[in-house]
Amino acid sequence: SSLLSIPSLSLQYNDKLKVGGNSLRFSKEQSNTFSNAKSSCRISMVAAVNVSRFEGIPMAPPDPILGVSEAFRADTSDAKLNLGVGAYRTEELQPYVLKVVNKAENLMLERGQNKEYLAIEGLAAFNKATAELLLGADNPAIKQQRVATVQGLSGTGSLRLGAALIERYFPGAKVLISAPTWGNHKNIFNDARVPWSEYRYYDPKTVGLDFEGMIEDIKAAPEGTFVLLHGCAHNPTGIDPTPEQWEKIADVIQEKNHIPFFDVAYQGFASGSLDEDAASVRLFVARGLEVLVAQSYSKNLGLYAERIGAINVISSSPESAARVKSQLKRIARPMYSNPPVHGARIVADIVGNPALFDEWKVEMEMMAGRIKNVRQQLYDSISSKDKSGKDWSFILKQIGMFSYTGLNKNQSDNMTNKWHVYMTKDGRISLAGLSLAKCEYLADAIIDSFHYVS
């Protein structure tokens, strides 16, 4: 039998057309029409149902970060600036593929590698490289096989694996999240059904770190709470604790028997040094604490679309690390089966090849340096233009690709509606999407929005 269609015949859903059992039942008049149509070898049947089974599903709100880019693309103004999404751009505001990434991809082509499935835990060479990059190759935790590393779908997917582990094996545990934090953190823990609350972090009065509030809230949390920490370049504020403050944070977490859960999305990209940006994580591991760490290579290698990252669990014994790894694999299997290979090979080749590794560090320093230059230029432009006496030095004290401007929602809306500057509504701007040439324009927009919009 074949499926034949008659464009002219459309069967509308009404009281004469009934669905019953496995067949459609027609009135006598409709049956004759149907028979005539069938005899002409051209049948078209479209059952238009008035009410969808999905009618009760509400429309989801646009993503607060990715939605910024959608609005930016719809704007036809020549002056428009996209400072919403954290993706590195050149001085010409073009996407940048690292030269070292191109070299690694050429090596892969020369080897003629296949596209077979990876193991559930990912590419072994990547997992080894990423743990060593995070902790240092000579770290006792690695040598003692106390690190369970599973390749995840970039930072988001790796955090999600960690959240699922908490939900499954730490019933009743809560996660403490900084106020503010990256927009997706709360979604991830909500989706994993892990309860969370916030600890104080940003002080709007000083546009700096509320360190006393942070310590008080971590102390007040029930024993055994998971504390989500940004390893470096805090998103969205760009405000990091000092080394001395990290020591105090570690003291309190250790005293309260909490479990630190680090999100390391910018290793090497914040300061330009891979080791400096991993110092906070290494401090906690050196203290003998058991630690969870999610990693991402979206920013520091520009592998945004490759979705390459890892979840690392540093345990107190090799036996517990092995059990944790087995359960992370068990969680990953029904979620996505196994991770993508392309980005994993890029990372493994670059970290494992001394020449490529050195080249990567040079490129990373270049990218971090460009952002530092833009940060300085923006501060200089605002300081020279604004005669109000306001102290804008917080811009220089922040680190990484973001600056937390202190602008409220109305002021951020003015930035977009009047100045065509697209940013998140919490006042965060991505300096990675700014050029030196655009700093004067952005300074005018910030000054106008800050002083003339409440």
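Using the three backbone atoms N, Cα and C, a Cβ is placed for every residue, glycine included.
Binding of L-aspartate is attributed by Swiss-Prot to GLY86, TRP182, ASN235, and the same site annotation extends, among ARG375, ARG428, to ARG428. For TRP182 (L-aspartate binding site) paired with LYS299 (N6-(pyridoxal phosphate)lysine), the C-alpha to C-alpha distance reads 15 Å. Shown in sequence order, ILE65, GLY183, PRO236, MET401, PHE402, THR424, SER430 are the same-chain residues outside GLY86, TRP182, ASN235, ARG428 whose Cβ sits within 8 Å of the Cβ centre of the L-aspartate site. Note: the Cα of ARG428 (L-aspartate binding site) and the Cα of LYS299 (N6-(pyridoxal phosphate)lysine) are spaced 17 Å from each other. Counting in whole angstrom, GLY86 (L-aspartate binding site) lies 8 from LYS299 (N6-(pyridoxal phosphate)lysine) by their C-alpha atoms. Counting only same-chain residues six or more apart in sequence, the Cβ atoms lying under 8 angstroms from the Cβ of LYS299 (N6-(pyridoxal phosphate)lysine) belong to GLY86, TYR88, ALA265, TYR266, PHE269, MET401.
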